Amino acid sequence: MQKTATTPSKILDLTAAAFLLVAFLTGIAGALQTPTLSIFLADELKARPIMVGFFFTGSAIMGILVSQFLARHSDKQGDRKLLILLCCLFGVLACTLFAWNRNYFILLSTGVLLSSFASTANPQMFALAREHADRTGRETVMFSTFLRAQISLAWVIGPPLAYELAMGFSFKVMYLTAAIAFVVCGLIVWLFLPSIQRNIPVVTQPVEILPSTHRKRDTRLLFVVCSMMWAANNLYMINMPLFIIDELHLTDKLTGEMIGIAAGLEIPMMLIAGYYMKRIGKRLLMLIAIVSGMCFYASVLMATTPAVELELQILNAIFLGILCGIGMLYFQDLMPEKIGSATTLYANTSRVGWIIAGSVDGIMVEIWSYHALFWLAIGMLGIAMICLLFIKDI
């Protein structure tokens, strides 16, 4: 009798552990590829800077189209588990193609298409985790927050490992390592993640349901808010290394230390935000994130020493920790009947942020300076703050 009573708990714990591993492995697969992609294109494919920029923009646009198509399909019919498994398979194919092919146009077409399907595994995993948590009575906020923390942990480990594999061995070894991550991820999905059929109503935890027109308006506004926040962050990520080296004349090692510290601090900030979300609300937390981001970008402009630049990463961690942890939950609660679309919509705000940042970056630097980009980032956060004030807190 004792054995029977403990079995469900063990099954639930095993399933939760599987979700955490899938989140980490999909994060590692992405963290291995993204940081070195521009170097791969320039060194291995001999792509010119404009071709590198076009590759990133094309990847973002294709990712938005593919992920939104799959999200609508998954919310209406089908099993998310099967979809995640297929996305992992596409990830293996994409990494294998990048490992051996050196034709720019093949990678831009076939490679980007396969990678776009592969990247959808992550938002679909979060959607399945939310549905599973609702069905089993788990605390959805902290469960989703812990899952998102695995992505951040992957980005602490992934980039240094990517550079070590690519520069110490070869890009082929790096991409095959990412392919192995997708294979292991697919096995875990197949063996341990639950199947939840779309035609069975999901019993969700209590969420305040707004009238349809209000929810659509708030969802659009939240999309603008998160897109502006990601655009500001991406402007910083693109230009911070050059600003540190060319403007402040500090070492390139400092840029890696800044990214590593921010990623490490982001995890506890994310968990703290998840813990206090029900007490102070999502909107106030997002407002705190925006204010922290504004203070961070303004302070970076005034800082001149490595110690201060490193200390300021606490503000960056607050900004990113709340955006990554609470932003997705905000979308899901605004669209409770379309969890897949909500999660994918949040993921696409990051892609839109890359498109915006990449489009204005080169022009701003040519006309003005790196300083102007930080002020532009602050202005983007100002737009995000105004839009946020018109969104109902739920």
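From the backbone N, Cα and C atoms, a Cβ is placed for every residue, glycine too.
With respect to the membrane, Swiss-Prot annotates D43 and F146 as residing on opposing sides. Among residues of the same chain six or more beyond the transmembrane segment (173-193), those with a C-beta under 8 A of the stretch's C-beta atoms are 14-15, 17-19, 21-22, 25-26, 28-29, 32-33, 36, 81, 84-85, 88-89, 91-92, 95-96, 98-99, 118, 121, 128, 161-162, 165-166.
Within its own chain, the topological domain 'Periplasmic' (332-370) is flanked in space by residues 53, 56-57, 60-61, 63-64, 67-68, 70-72, 74-75, 80, 119-120, 122-124, 126-127, 130-131, 144, 204, 207-210, 215, 218-219, 222-223, 226-235, 238-239, 242-243, 246-247, 282, 376, 380, 394, which lie at least six positions past its ends and keep a Cβ under 8 Å from the stretch.
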